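**Student:** Okay, handing you the structure first.
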Amino acid sequence: MNLSSQLRPALTIFVLLTALTGVLYPAAVTGIAQGVFPNQANGSVISKDGRAVGSGLIGQNFTEPRYFWGRPSATGPMPYNGAGSGGSNLGPTNPALFDAVKTRVAALKAADPGNTAPVPVDLVTASGSGLDPDISPEAAAYQIGRIAKARNLSIPQVEALVAANTTGKQWGFLGEARVNVLKLNLALDALGK
Amino acid sequence: MNTNAVMQLALYLAVLLVLAWPLSGYITRVMRGEHLGPTRLLAPVERLFYKLAGVDAGRETGWKSYAVGLVLFNLTGVVAVYALQRLQGVLPLNPQGFGTISPDSSFNTAISFVANTNWQGYAGESTMSYLTQMLGLSVQNFLSAATGIAVVIALIRGFARKSLETIGNVWADLTRVTLYVLVPLSLVVAVLLVGQGVIQNFRPYTEVQTVQATVYQTARLDAHGAPVNGADGKPLMVDTAATTQTLPMGPVASQEAIKMLGTNGGGFFNANSAHPYENPTPLSNFIEMLAIFLIPAALCFVFGRMVGDKRQGWAVLAAMTVLFVAAYGVTVWAELAGNPALQHAGAASSLNMEGKETRFGIVASSLFATITTAASCGAVNAMHDSFTPLGGMVPMALMQLGEVVFGGVGSGLYGMLVYAILAVFIAGLMVGRTPEYLGKKIESFEMKMTAIAILATPILVLAGTAIAVSVSAGQAGVLNPQAHGFSEILYAFSSAANNNGSAFAGLSANTPFYNVMLGLAMWFGRFAIIVPVLAMAGSLAGKQRLAVTAGTLPTHGPLFVVLLIGAVLLVGALNFIPGLALGPIVEHLQMIG
Amino acid sequence: MTKRFETPIPDHVETGTDERSGNDKRKLPLLDPALLTPAVTDAFKKLAPQVQWRNPVMFVVYVGSILTTVLFGQALFGTGEAPAGFIGAIAAWLWFTVLFANFAEALAEGRSKAQAAALRATKKNVIAKKLKAPKKGAYELIDSPSLRKGDFILIEAGDTIPMDGEVLDGVASVDESAITGESAPVIRESGGDFSAVTGGTRVLSDWIVVRVSVNPGEAFLDRMIAMVEGAKRQKTPNEIALTILLVALTIVFLVVTVTLLPFSQYSVSVAGAGTPITITALIALLVCLIPTTIGALLSSIGVAGMSRMMQANVIATSGRAVEAAGDVDVLLLDKTGTITLGNRQASAFIAAPGVTEQQLADAAQLASLADETPEGRSIVVLAKQRFALRGRELAAHQAVFVPFTAQTRMSGVDYDGRQIRKGALDAVRQHVADVGGLFPDAVSKAADDVARRGATPLVVVDGTTVLGVIELKDIVKGGIKERFAELRAMGIKTVMITGDNPLTAAAIAAEAGVDDFLAQARPEDKLKLIRDHQAEGRLVAMTGDGTNDAPALAQADVAVAMNTGTQAAKEAGNMVDLDSNPTKLIEIVEIGKQMLMTRGSLTTFSVANDIAKYFAIIPAAFATTYPQLGTLNVMGLHTPASAILSAVIFNAIIIVFLIPLALKGVKYRAQSAAQLLRNNMLIYGLGGLIVPFVGIKLIDLLLVALHLA
């Protein structure tokens, strides 16, 4: 057990393994990724008229009544800040959580006074990443009336768009069914109304 | 548990077993130095490593040499990661131009990644350059995992051998695990994840024009950039409009794969596996969950294979699985029952969606949370701080049990074997024989090492928490009020000392106080166990293997599984009942009361 | 002499009963009133710090007692952190906890001391007759302590043997009751396996010349006394390992309780209600959590284990040997005396063709009338039983008895001109050929059959006529087969060692139910057998008495030498059986196991108790800060003070309740390890979880009823 005799292998093996796992390995993954899945590897970016308008995976902030609203986002300084992901971290018994949920419920009700349906819980609770691109089909359904009114569309028209942008559970049971808010709103805008 | 919760669990466990079994055969042979199939192609690389390092891979050493080599190797890692962070500003591959990281945060992060904890006081996407992520953090994801596996293999050799002085060659073990097991597996998982949408590039962050402008409030600044206060003494706020969104970029998938496979858990981004670029779909989520338990489960089988009795491996795995399923049951039940406050505030249900992603929902988030804390991974796909009190208590308790329910790669199994030694010690006495495990007598030296290994982390957790709640620097970090604030601190030390890395992230831990305290907890939580475990491996290897008779306590049946579970739960409960009572338990009673 | 030595020990196997029944006389009464009073006194004497320091677990309680007493004083004369009555009650019960532990230890030691005192009474200085040469002759009188190894001494009738030694000359009957408790005198003579004498025993008749084999202080009696007295100081390997675990648990609980104070202070500040937990409650919690039950009883268990060995009339050279006995996997047992009764008995007459069975019996009886060996006598008895043949007056028929010699290997009688001989098959065949007779094949065949059945054939010949075969049968001891079956269930393999041929050995092995046998065993075969088993990772136990057993005894992991055996055998073994009963091995194994089981079970019980104590103390300690935690008060304890006090009282008195168990040992049944564990887990694990819930509740009710809480 000689300390100095172990020093050379410690340093050499460390450097060699660093080269293997820190240079060769990520380079290989990047090579394969860019070759096989270039769209995914570069962020699943959505373009409109040749201009990047967002990522299919990253949610955006919507507050206008004519758009479907996404999950509340707790990122700072602005919601859906892509450069600073994160959740609210409010504990279940924190009064701030209760107040926040209450405010969000009130905002939703104010935007759609006639709607007496109960407010789906995912529309009033902040997501984990602050960038959640999806809402539940129930949350989308809750907003259909408001959108139809704001855009002067028929309810079935909006329902059809929602259905087109809904993804079911993977293989019927993994994860949850969800509606991609950005894609749905882009589809709404594409209707031109 | 509803049907969906059961189905997701059942599929998960089934696929896990199907994958872990063949992997265990592969690992067993690799660790014996055998080459099979395509790994032959890598053999020249292995030989080159040994040649350059001046290592004779065939020459094994005793435990002391093994331990000294391992600690030196890991210290080298600490220095390298620290240096990379401190020099980040002048190094390449830094498209966002991130500056140098503070000494205390660098210290904390260096230890954190070397110790397989991956506690993150920083936010990845606004702090770390691609070079630091890749060459510092990602490398340590591999090497800390290799360290854990090497230690458990050495311990298993101790059980398997008969009257031998040596437990292996540390350099050969580290090289083989990395080259033949971790790198190939990571490559496969990384490509699968990219297919689901995890990014992998070296581009700078991308600005996109958002569909709707976002108006938010910022503090009004004066000419010198200082906030202006209003008449009421509070900063004056002004509306600001943002019309663009920053999409972060980077080599994420390559790090994501080993982050899971190596039970490291350090996210490329602050939101970790809740971030859509790290974990975009339910399927990517499933792959990541599988990757967490894959090697820990396979190592149980490796244990059975190497000691020449596969049932021994199954027994340990069974104990882990029972504990895991029970923990998952409580978590998913608590999260589905949810938070009555949500309904009181006007939401349709009390389902606890705060801090969770829509695509995962309650079930997949609860499953992930249980897996990541049962294993010492610490990656999160939902914010644990926002879990219900009991839903959040389970992850905390899983860590406090010592990360032995699957646990970290290598560390989970050696931790569990330490508990097994404790269990057979008491049980052995109860059947009137000098306790033995796998034919090895458990005597006072082993008990000493077991005592150190089992004492180390509870002492670090309890003492660390006690200091933090007593000083203002510790109290300052708390976000949530009352008992939940206490839970945040207790969770932080539980996570650090047990090398998990997940957090009740409301705690502002990127302060000199927490960086230093948690850094120390992580280092000693790792090596105050590794060293006694290696010492035990050495002592066990030197012993005669006793024959099995009807008088031998069987360690492969249901009775032993129950005993092992009992030992783990009892030790955990005795250490942490008071702490948990003052945190999550009282919070739960307040919430429902 | 205590009454321990008054009763001869019944043969374990022949009675076929389990000795651990209540009316067994050789047991010390569990709580002898004569021992209680000194034990109580000792319990107080042991309050000295240097005594307490030796037991880390109880030392923590001791310090806690002092601290709470100080707090009590503070509360009495100033402002206390809690009502003085409460602190005083806790302090008092902590002191009781320490005293109860002291009492348990003192009681176990008292029992050992009584045994040692009895032994020491026999060790007195005597005047020895020192000879110049190993021949009876002129001697000088010296004090026995002046004797040295190698001195020659003469011991005559009425003398007490001054020192352990080896008989060189003479034959004497010796009263060894001082050592063995066996009142019947034994014969000691030079050579062979009956040459060792022990200091402190007394020559009853005749004389012997003895070479002293030990120096003063090393004698057998000295070792026995040292062993009994030293039992509490020398910790056995498992005891050390267990102590490490107990210390580790104590450290953990120390950390748990110490950190609970800041936890509590923080909780008070964030909840804005209540007061932090009191030091008294913390100390109470600590004492309840640390493994005081096993900590208090650990040394008693060890002392009691050695004491039980003594009661079984076995002297172990160390506690380590007693522990090792519990680990034994293989028992090597000598056939004769262990598996079979010492003597073979005639069981059948098989007449040669043309000879009636009665003729054969008659001749056989005649040939055996003067044969005083047990075999010879059994032939006479059998003939008498079968054909009512009575012994005849030999002298009237000019009968001349022909004794067995190594040359002829036959014995017999010349009677009225007849020459009747009996002997082993080949010896008689030779004799018949010499006198010119014919040896019938049928007789050869009959003799082989007898051998195959595991018996010994003796052929009887009258002149030149071969009359037939006497079957001498080994009588397997009653109940031994069941005993071996039990051992098998315990995972212990039995191997019979015999000098018989393989055929005979196999038959006896089958009848006795041993797992294996070693036939035609020579000492070196025995040694090899032991080494082979050890190489396979088994622990081997054996008994032996002869000098040629010494190497095997030295090699075996547990080696029990017979007290009647040679000095060499006793030196090589690590235990001596004073009863010289080879079956004792089985009992030794059980005592060894019992000692470990008692420790393991009480440890489990002690740790399992903690869960209930948490449920009692945690809600009580934080009642003012978080009244919601009252939900955890599942026992419905009356007030916080009564809850804490009840837990402390339970923790103290459970020690007293368990003293009998510690001294007596956990009941041992011959079962597989898995069954034993399941049973003990149910009793001590599950029981340990449940009992305190009930006990604490009852104490709480009692406190309320007595208006003490």
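Positions of Cβ are set from backbone N, Cα and C atoms, glycine also.
For C:56-77, C:83-104, C:240-261, C:281-304, C:602-623, C:643-663, C:683-708, the entry in TrEMBL reads transmembrane segment. Annotation source TrEMBL lists domain 'P-type ATPase A' at C:135-229. What TrEMBL records for C:ASP334 is active site, 4-aspartylphosphate intermediate. Residues annotated as ATP binding site in TrEMBL: C:ASP371, C:GLU375, C:PHE404, C:THR405, C:ALA406, C:GLN407, C:THR408, C:ARG409, C:MET410, C:SER411, C:LYS422. Annotated Mg(2+) binding site per TrEMBL: C:ASP545, C:ASP549, in sequence order.
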**Student:** Look at every Cβ pair spanning the transmembrane segment (C:83-104) and the transmembrane segment (C:602-623), keep those 6 or more apart in sequence, and say whether at least 3 of them are under 8 Å.
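**Tutor:** No, these stretches are not in contact.
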**Student:** Where does C:ASP549 (Mg(2+) binding site) sit in DSSP terms: helix, strand, or coil?
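**Tutor:** DSSP call for C:ASP549 (Mg(2+) binding site): helix.
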**Student:** Please name which of the recorded positions listed here, C:ASP334, C:PHE404, C:MET410, C:LYS422, is nearest in space to C:ASP549 (Mg(2+) binding site), Cα against Cα.
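**Tutor:** For C:ASP549 (Mg(2+) binding site), the closest Cα among C:ASP334, C:PHE404, C:MET410, C:LYS422 is found at C:ASP334.
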**Student:** Would you mind listing the long-range same-chain contacts of the transmembrane segment (C:683-708), meaning Cβ under 8 Å and 6+ residues beyond its ends?
**Tutor:** 89, 601-602, 604-609, 611-613, 615-616, 634-638, 642-643, 645-647, 649-650, 654, 666
**Student:** Under an 8 Å Cβ to Cβ limit, what residues of the same chain, 6 or more beyond the ends of the transmembrane segment (C:240-261), are close to it?
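**Tutor:** 56-57, 60, 276-277, 279, 282-283, 285-286, 289-291, 294-295, 298, 599, 603, 607, 621.
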**Student:** Which one is it: of the binding-site residues C:ASP371, C:THR408, C:MET410, C:ASP545, which Cβ has the fewest other Cβ atoms within 10 Å in this structure?
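**Tutor:** Lowest Cβ count within 10 Å among the binding-site residues (C:ASP371, C:THR408, C:MET410, C:ASP545) is C:THR408.
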**Student:** Per DSSP, what is the residue count of the domain 'P-type ATPase A' (C:135-229) in each of helix, strand and coil?
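**Tutor:** So the domain 'P-type ATPase A' (C:135-229) is made up of 20 helix, 39 strand, 36 coil.
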**Student:** Where, among C:56-77, C:281-304, C:602-623, do we find the most CB pairs under 8 A to the transmembrane segment (C:643-663)?
**Tutor:** C:281-304
**Student:** Using Cα coordinates, what distance in whole Å links C:ASP371 (ATP binding site) and C:ASP545 (Mg(2+) binding site)?
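**Tutor:** Pair distance, Cα basis, whole Å: 26 Å.
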**Student:** When you measure from the Cβ of C:PHE404 (ATP binding site), how many other Cβ atoms are you left with inside 10 Å?
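**Tutor:** A 10 Å sphere around the Cβ of C:PHE404 (ATP binding site) contains 16 other Cβ atoms.
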**Student:** Which residues does C:LYS422 (ATP binding site) neighbour through Cβ under 8 Å, counting only same-chain ones at least six apart?
**Tutor:** C:ALA364, C:ALA367, C:SER368, C:MET410, C:SER411, C:GLY412, C:VAL428, C:LEU458, C:VAL459, C:VAL460, C:VAL461, C:ILE470
**Student:** Between the Cα atoms of C:PHE404 (ATP binding site) and C:ASP334 (active site, 4-aspartylphosphate intermediate), find the distance and write it as a whole number of Å.
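**Tutor:** Computed Cα spacing between C:PHE404 (ATP binding site) and C:ASP334 (active site, 4-aspartylphosphate intermediate) is 25 Å.
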**Student:** What's the number of neighbouring CB atoms sitting within 10 A of the CB on C:ASP549 (Mg(2+) binding site)?
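**Tutor:** The answer is 28.
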**Student:** Go through the chain and flag residues at least 6 beyond the ends of the transmembrane segment (C:281-304) whose CB is under 8 A from any CB in it; none is fine as an answer.
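**Tutor:** For the transmembrane segment (C:281-304), the list is 55-58, 60-61, 64, 67-68, 82, 90, 94, 97, 100-101, 104-105, 107-109, 111-112, 231-232, 235-236, 239, 242-243, 246, 249-250, 253-254, 256-258, 260-261, 319, 595, 598-599, 602-603, 605-607, 609-610, 613-614, 617, 620-621, 644-645, 647-648, 651, 654-655, 658-659, 662-665.
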**Student:** What is the interatomic distance between the Cα atoms of C:THR408 (ATP binding site) and C:ASP545 (Mg(2+) binding site), given in whole Å?
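**Tutor:** So the alpha carbons of C:THR408 (ATP binding site) and C:ASP545 (Mg(2+) binding site) sit roughly 29 Å from each other.
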**Student:** On the 0 to 100 scale, where does the mean pLDDT of the domain 'P-type ATPase A' (C:135-229) fall?
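**Tutor:** Here the predicted model's pLDDT, averaged over the domain 'P-type ATPase A' (C:135-229), is 81.
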**Student:** Fill in the CA-CA distance, the residue listed as 'active site, 4-aspartylphosphate intermediate' to C:ASP545 (Mg(2+) binding site), as an integer in Å.
**Tutor:** 10
**Student:** With every protein chain in view, how many other Cβ atoms are within 10 Å of the Cβ of the residue listed as 'active site, 4-aspartylphosphate intermediate'?
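**Tutor:** Excluding its own Cβ, the number within 10 Å is 22.
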